[in-house]
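For reference, the structure discussed in these notes is given below.
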């Protein structure tokens, strides 16, 4: 059975480590065929630490790479060949033999170029103190340009043709320069060389590839960012230009004629809620930010500070609701409650006008109404959290509390950074969890999949 | 993001893809990392600090006024392709120093730092050499590419080595300090940990030494500089720059064209030796046909103020922003 891994928070919940664990199959179990990326681009930062201490921040390579699992960058992925080269280099340095040989790229995937990144940075800089918390890598620019100029947006397939790529890159550079002024970006010829080298080293595939892959064996779909950052359901404007729900993966499955429900929908949460950069984080507590050191997330140059707060139950319930429900949860940082007794779950807020708020309303009728999302953001930015209630130090009382809060079973527990720190199936019933039959969905009962 | 940063990214990517198809320059590192499992990786015997007595820079008949110069660079993953570029660029350093006579008898030691908390090879140190044996040391450096991702690397172990395991005639005989250039993009740990010193050097030091204290010790014999090169992961990180500025004041150099690293070091030495002021140093670069002048001038602007000893201006180095002209150095 296929699995879709999606972060139910603001990102950084631990998708990488969860995907790594899913790919590290016990001997005898059917190996995972591939990890498929279905949203976002090179700005993803999924940290994986191996048992022997190697650490890599996966951006475009799938987080199962250390287990030798191949990666497919689907047509919905925004591919950054320059960042990909650096990532392959780092993986090779960590002992992964020929990482580029593990990669297939759909020809239709959009390319993120230095021009997109430079434009992204120019715009974000112009926003001054009102920055959106962008990573500055040009992801939003890539999506925006493709919407405005669908026929001219460079794709992975174009990288195999210097003529076509030259035309598209020149047009792209000229349009962005006309709009924003000179961009600190290299000449087209330099990009052509690098992109041609990219096309020469990765396997470019067409639309027939993914359906074959999905027939071959179990696939893990690795989501990027988090549902609360979703372009339509996130708290506008502090969102990413990407659909961060299960939708992209479900679309790819449908295109491959896989029946609905062919994949287990796994939502990742941590025992406390974090956010990298600005935007609502109602349960934020500076004392927690200070006492919960973050090994892999620093102050981002373009993103801003890393912030932490108590587990935000209303926000995560909202995430489960807008993404159409989950089959189960993967809970990371379950070692934190025993070390930080102050850690708790916030079950409601008080809004600026003093009213209680236990649920963030999802737009059932008009999803994607950004004015509405903006108003929601304004409410959340001024809301005050109710007192956090601690389930105690025992991780099992935490998983029970989270199951109750989000109405979904905990299928994976994570107590540390490495594969060995994870329990899949909880309580030792790993085998059962790995083979959850498709009919046994236990989706959030309140869920009325918004806009579906 | 300066344009120099783009140039390294774009060319670095093209080279990375080409390298993936076969050839590459750095034998020891490439052979080891390609053929052996990571837990067996070790420093090349000539660079292993275990059991280190002293690295010596000595006067001789041939080199009566030796000047000790150490260049130690970060080889962890956050530095991306920077260490490889350094390996190709640094061999020029010796020639550059001699060509304009900034110092007559430089003796250069190359080294590399990683992260002692998680790397197999957290420190590698060559010898002070005054001929092309230093190139061999450089070629034997293992580019482990690890690191812990917590914005700290074990630079303090390099400081410890320089403080306690070097003996340099320029200082001992003539009272002239040598030069230590650290090249990296992260912070040092707060302390030299006794346990790591035992593991890496085999020394017993009893208790941890605060990094500021070991730095003060090094600074008796070396002028210490930290260079943050373009192309590393944490370029422009405020915590990293702030930490090093607190430790080293104006001796933190932001360099946005990695291709200019040798020129930057050479001119810094020229300034420190009072052989030149910045303007004449930049003229010298133009003289020898180097196109690194712009990057070096920018990087050393605050060091070059005043004549004589290196000036300590209080003006902060600002965030680099692409020039309005959009000029591109490639």
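Glycine is treated like the rest: Cβ placed from N, Cα and C.
Keep in mind it's a predicted model, so treat the numbers as computed, not measured.
If you check TrEMBL, you get these features:
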ACT_SITE  A:12  active site, proton acceptor
ACT_SITE  A:46  active site, proton donor
BINDING   A:12  Mg(2+) binding site
BINDING   A:225, A:240  IMP binding site
BINDING   A:333, A:334, A:335, A:414, A:415, A:416  GTP binding site
REGION    A:426-452  region 'Disordered'
Cα-Cα distance maximum in Å, computed over every pair in A:333, A:334, A:335, A:414, A:415, A:416 that the record assigns to GTP: 8
Residue A:12 (active site, proton acceptor) and residue A:415 (GTP binding site), distance between Cα atoms, whole Å: 15
For the GTP site built from A:333, A:334, A:335, A:414, A:415, A:416, further residues of that chain with CB within 8 A of the site's CB center: A:271, A:332, A:336, A:395, A:413, A:421
Winner by Cβ contact number (other Cβ atoms within 10 Å) across the binding-site residues A:225, A:240, A:414: A:225
Protein Cβ atoms within 10 Å of residue A:335 (GTP binding site), excluding its own: 16
Neighbours of the residue listed as 'active site, proton donor' among the recorded positions A:12, A:333, A:335, A:414 (Cα to Cα, within 10 Å): A:12
Assigned element (helix, strand, coil) containing residue A:46 (active site, proton donor), judged by DSSP: strand
Within 10 angstroms of residue A:12 (active site, proton acceptor), Cα basis - binding-site residues out of A:225, A:240, A:333, A:334, A:414: A:225
Most crowded position, judged by CB atoms within 10 A, among A:46, A:333 as recorded positions: A:46
Same chain, 6+ residues apart, C-beta under 8 Å of the C-beta of residue A:334 (GTP binding site), given in sequence order: A:271, A:395, A:398, A:399, A:413, A:414, A:415
For residue A:416 (GTP binding site), nearby residues of its own chain (Cβ under 8 Å, 6 or more apart in sequence): A:335
Residue A:414 (GTP binding site) in three-state DSSP notation: strand
